[in-house]
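Okay, so here's the structure we're looking at.
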Amino acid sequence: MRYLVKDIKLWRCDEMNIRDIAAAANVSVSTVSKVLNQKDRDISEATRERVLAVIKEYNYTPYSNIRETQAGKSFTVALVIHPSLIKRKLITTLEQHLAVSGYSLLLCTLDTSDFSMARQLNVLRSKRVEGIIFHAIDERYIEAFNKGNSSGIPTVFLNQEPVTNKISIRCDYSSIAYAAVKLLINHGHSRIGCVLDSASDNSGAAKDGYLRALFENSLPRDDTLVISCKSDAHNTHATYEQLFEQDITALFCQNAVLAASAYTFLHEMNISIPDEVSIVCGETNELAQILYPPVTSVELPYDTLGRLATRTILDLIETHAELPRSLTVEPVIHKGDSLALPGASRTKIAVIGNMNMDTIISTDKIPSPGELIISNNIFSTPGGKGINQAIGAGKLGGFVYAIGRLGDDSEGHIISDTLSSYNIKTEGIYIDNSTSTGKAFITVPDGSNSCVISYPGANAFFDVEQLNKCTHLLTNTDYCLISTELSPEVVAYAIKRCKKLNVKIFLKPATTSKIERTLLSKIDYLVPNETELEQLVPGPETIPEKAEELFKLCKNTIIVTMGAKGCYLKSSEYSHFFPAAPFSPVDTTGAANCFISALAVSLGEGNDLPYSICFAAYAAGLSVTQQGTQLSFPSRAQLDIYQDDIHAMYVESGL
C-alpha cells in the first residue's frame, strides 16, 4: 500500500480524490478539474505542469476512480499501426520517451482484412486514449479513421504523404529504395535487381523508389529485374535463379528476410558478395546484423522518428501548440561490406601457379657448407607464386581467381581460408586428398636476397585435365599470371588457352627449362629477374643487350627486375631503366610477385606501361619493408599514400 504525506496528514493513495490532488498541488479543486478536462487555457503553464506532475506521480488506485469518469485523463497514447510496418526500434523509442512524460503506450494493430476500423475505434474509445500516433500506408485506413474520430482525439500521422489538414510526419518508404538504388548506381552498377515483399503494405512504395532512381540516372526500366515474393517463403531458390539469369551485378532487397534468402542462394551458387554481386537491404534489424559479409542497409531513422512523434503528440495533448502541418524524416545508410564496384569495372586477373606453405627463417647470413647458423626468427605463412600473386592483385583491387592444387591437410585449409579472407575466388583450386600441400623453406639473411628450397607436394599433380576444367574462369579475364614452377604441359596449355581467349599473359620464368621457346612469342609480358635472364640469354652481354636479344625472340614486352637496382623495360616503344622505390629492405621474399600483380592491376585500370611500372615499383618497394609475403603486400589505401611519389617517378622517366 502506498501513502502520501502532506501537511502531517497521512493519505492512502487508493482513497485520494480530486480534493487531495488539489491539496498536494497547492491549487484549487476547480483548477485540477480544468486541467483534467483540458479546459486550462486560462491557467499558467507552471500551475498546469505542477498539477499534471502530481496526477502522474500518484496515478494509481485513486486516479483509476478519476479514469472511471468520462472526463478523466488516461495518460495513454495509442500507436495505431499496420502489422507490416511494426518496427521494434520505433515502438521501444515511443515507449521510452512517453514514459519520461508519464504516459503509457497502447499498441493497436490494424486489421488487414477490414478497412472500416470499427474494432480499433471501439478500443480507442473504451481506453479513452489522449492521443494517437497513426501509421499506415493505405489511404482507406486513414479515411475510415478520420470519419470515426468524431471526438477529435489529437492525432499525428506517420505516412507516405502528408495527410490533408492534419499533423503529419512523412515516412517516405519509397525514399528507402531510392537511396539504396542510388547508392548502387553511384558505385557503378547499372543492372540492379529488386526483390519486394508481396505481403508488405509498402512494397509499392519501394518499387516506386527503385524506378525513380533508375529514371533519374537515365537507366532503362526492365520489369524482369523486379520480383515479388513472400518473406516467409521457404523456397525462393527458383525465384532468385530466374533473376540472376538477367546478368545483374547488384540487388536491392526490401527487407532483411529477403536479403538473408539472397545470401543463402548466392552462397549455394558460389557467387561471392560483394565481388560478384552487391546487396543493399531496406531494413536494419537483428537478422540483418548477423549476415556475413555485413550487409549495407538503408532505413528510416526509427529512433529519430519515435522522438519526433512523441514530442509532437505531447505538444498537441498538453500545450495545444500550433505545430507545422508536415515534418519529414530522411533515410539513413548503415555501411556494411556487401557493396563494391561491379566485377566488370575491376581488373579481372587469373593466377595459375604453385601454392605452398612457406616457412621463413631469418638469419644473419646464408650458411656455408657444413656451417651451423642460429636463426633469430622463424614463422610459417601461405606462399608460392600462385598465392602471392593472387593476394598481391586482390589487395590492390583486382578481381582475382586463383587456380592451383592443395593437399587435404591443415596447411591446405589454412591457405584456402587465407585466400577467401582476401576475397580471392577459389573455385579453381582442387583439394587433393591423396597428397600433402606444397612447402617452401626460405632463408632470409639480413639485407640480402632470400634463398628458397621447395617441396612441390600437391603442385606436382596439377595437370592439364584439372586446368581444362577451369578454363571457363579465363573467360572475360583481362590478365593471366602464370608460374613456370608448374609442369611444362600445364604451362604450355595455359598459354595456348589464354591466347585463344585473348587474355594477356604475364609470365615469370622461374624455371626456364620448362619454357618451350616457341611459346615465348605468345607471352605478352615476360618478367625475369637477372638470374632468369642469364639463363634465357647466357653470355657476357649487358642487361639491355640481353633484353634486346630476348625481345627479338618473343616480340613482346620484357621487364627485367633487378631488386634494389630497379628494373629495365624493353618493348617495341621503350628501352628504359626505372629506379627502385626508396625503401630499406627487410625481407625481399615475394617482391617480384608483388611487382607483377601491381603491374597487371594498373594496366587493367587503363594506365600506360611506364606509369604502371612506377606503380608496381612502389608496391614492390613497400612489400620489402616487412617480413613475410602477402602480409607485407600493400593494400590499395596504403599504396595510394604514395600517389604523388609514383607520379613524380613517372614524370622523371620522361616517357
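The backbone N, Cα and C atoms fix where each Cβ goes, glycine too.
Caution: TrEMBL annotation is automatic and unverified by curators.
Here TrEMBL has T561, M562, G563, A564, K565, G566 binding ATP, and the candidate from N529, N607 in that same listed site is N529. Substrate binds N356, M357, D358, G384, K385, G386, I387, N388 as TrEMBL records it, and from the list E241, E245, E485, E489 the residue named for this site is E485. Counting only same-chain residues at least 6 apart in sequence, those with a Cβ under 8 Å from the Cβ of Q626 (K(+) binding site) are V586, D587, S632. Around the Cβ of M562 (ATP binding site), the same chain contributes N529, E530, I543, Y568, A580, each under 8 angstroms and 6 or more positions distant in sequence. Residues near T561 (ATP binding site) in space but far in sequence (CB under 8 A, at least 6 apart, same chain), listed by position: V527, P528, N529, E530, C567, A591, A592, F595, A620.
Site extent for ATP: the farthest pair of Cα atoms among N529, T561, M562, G563, A564, K565, G566 sits 12 Å apart. Neighbours of the substrate site: apart from N356, M357, D358, G384, K385, G386, I387, N388, E485, residues of the same chain with C-beta atoms within 8 angstroms of the site's C-beta centroid are G353, N354, M355, P382, G383, G438, A440. Under the three-state DSSP scheme, T589 (K(+) binding site) falls in the coil class. Its Cβ taken as reference, T589 (K(+) binding site) is surrounded by 27 other Cβ atoms within 10 Å in the chains shown. Rounded to a whole number, the C-alpha distance linking N356 (substrate binding site) with A564 (ATP binding site) is 26 angstrom.
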